[in-house]
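**Q** What TrEMBL records for this protein is below:
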DOMAIN    75-198  domain 'Heparan-alpha-glucosaminide N-acetyltransferase catalytic'
TRANSMEM  85-104  transmembrane segment
TRANSMEM  116-134  transmembrane segment
TRANSMEM  146-165  transmembrane segment
TRANSMEM  185-203  transmembrane segment
TRANSMEM  223-241  transmembrane segment
TRANSMEM  329-350  transmembrane segment
TRANSMEM  362-383  transmembrane segment
TRANSMEM  389-411  transmembrane segment
TRANSMEM  431-451  transmembrane segment
Amino acid sequence: MGSYQLIRENIYPQALDLQGNNSTLRIHGRERGADDVESAIPKLDSSSSPRLAAGAKECRNAASSSIASASGTTRLVSLDVFRGLTVVLMILVDNAGGCFPSINHSPWNGLTLADFVMPFFLFMVGLSLGLAFKNLTCRGAASKKAMIRALKLLSLGVFLQGGYFHGINNLTYGVDMYQIRWMGILQRIAIAYFLAAACEIWLRSDDKVNSELSLLRKYQRQWVVVLMLTALYLLLVYGLYVPDWEYQIPIEASSSGKVYSVKCGVRGDSGPACNAVGMIDRKILGIHHLYGRPIYARTKQCSINSPDYGPLPPDAPSWCQAPFDPEGLLSTVMATVSCLVGLQYGHIIVHFKDHKARLLQWFVPSCCLVALGVIFDLFGMHINKVLYSFSYMCFTTGAAGILFSAIYIMVDVYGYRRLTVVLEWMGMHALMIFILVACNVVPLILQGFYWGQPHNNILTSIGIGAHA
């Protein structure tokens, strides 16, 4: 039997590592006795003999065990609370936005309460990745797990938001593949998650971190990706030429309908009709696969009830009813930057254990991002959620960092958890709540029970969906 060393890690006090020859065996548990250690040594000794087999086994299981240990033994409570608070905000704006349009998504330029939900989620996805992959051993296995998880989110998003469920007051289901919506909230999160995970797995050095400068050096290649994605977005948005285009609105079930022509012939326009974000989606995804109820239909040019939906004004421009996806391809490029910035906040948790050091390195960059967003907005690069403009990314990501810092002080520094226990639970089950509530799964189930006629159902009896 070889020589072995028993190590109790500082980060995960519930885990014991037995190291010997060429392999490591980890024992999990809060109160493990000597019997557990002695019984584990023969397993370690037998597995360390064939070096090649041990290495292969370690590569298969390393990413899984590191992710499990990061999420299972040391959950960051403030992250769960922040996620739960964002879920509450999402439910609030989804259900009250129709009654109070001022908190609903901004029709175009500007910022409302609802416009913070998406960047907050992306910020938290990145921050979580920094914690989940901090003990990475096998890059191939970790990449496979990240790809599988992203594909699951992508498929779930297409199923829930591609048109299969038609909505309240419509008991039919199923989607015409010629009109399915390919992009959506979960699809955007899936893309940002995978790209950020790939950066975390493959684009970091093995340097030790003992200062802010060494932290920057360790992850400098990830910052290069941030700069490249930002430059790509800005070049395409302000450099692509947008020609004239047209679209057709079908009349009832007929395939034919009125054709509307939109005059553009411009470059670098950030208005609803002639921006490069919409042009790329129309060219690549196809106009029939975009979101059919565009947010700019609530602008003053397109609605007499602005900032709410309403009838078209007599002089409404031709683009008012054109499909437009708020989670399109080019805007997802900048959304991924929000996720990558959140990833760097996660690195601060991993490498710095002092509360003051963490808060300082969160708060200062967050304030700088907010200020940068305001400055760019004042100079004409307007804050715009639909386009996911650079100023919007800066302002909302900075706001996410400030809010997270405040929650961290309250929950993890001072330990005030009684007031946040519900938010913590909601944060731990955010995906389930999103599917059941935000994707109308629960309302559709309740609506399916009716008396006499489909419109006589539980929801309409309490005033929900009666006029949808």
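Just so you know, glycine gets a Cβ as well, placed from its N, Cα and C.
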**Q** Apart from its near flanks, which chain residues at least 6 from the ends of the transmembrane segment (85-104) lie with a Cβ under 8 angstroms of it?
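**A** Distal contacts: 112-114, 116-117, 120-121, 124, 298, 307-308, 403, 407, 423, 426-427, 430, 433-434, 437-438.
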**Q** Do we see three or more Cβ pairs under 8 Å linking the transmembrane segment (185-203) and the transmembrane segment (362-383), pairs being at least 6 apart in sequence?
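**A** Contact absent: fewer than 3 Cβ pairs fall under 8 Å.
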**Q** So which of 146-165, 389-411, 431-451 has the most C-beta pairs under 8 Å when paired with the transmembrane segment (223-241)?
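**A** By the under-8 Å Cβ criterion, the transmembrane segment (223-241) pairs most with 389-411.
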**Q** Top stretch among 362-383, 389-411, 431-451 for CB pairs under 8 A with the transmembrane segment (329-350)?
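**A** Stretch with maximum Cβ contacts: 389-411.
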**Q** I'd like the per-state residue tally for the domain 'Heparan-alpha-glucosaminide N-acetyltransferase catalytic' (75-198) from DSSP, helix first, then strand, then coil.
**A** 80 helix, 3 strand, 41 coil
**Q** Within the same chain, where does the transmembrane segment (389-411) have neighbours whose Cβ lies under 8 angstroms from its own Cβ atoms, ignoring anything closer than 6 residues to its ends? I mean 6 or more beyond.
**A** 77-79, 81-82, 85, 111, 115-116, 119-120, 123-124, 127, 230, 233-234, 237, 270, 334-335, 337-338, 341-342, 345, 355, 358-359, 362-363, 365-374, 376-377, 381-383, 417, 420
**Q** If you average the pLDDT over the domain 'Heparan-alpha-glucosaminide N-acetyltransferase catalytic' (75-198), what number do you get?
**A** 88
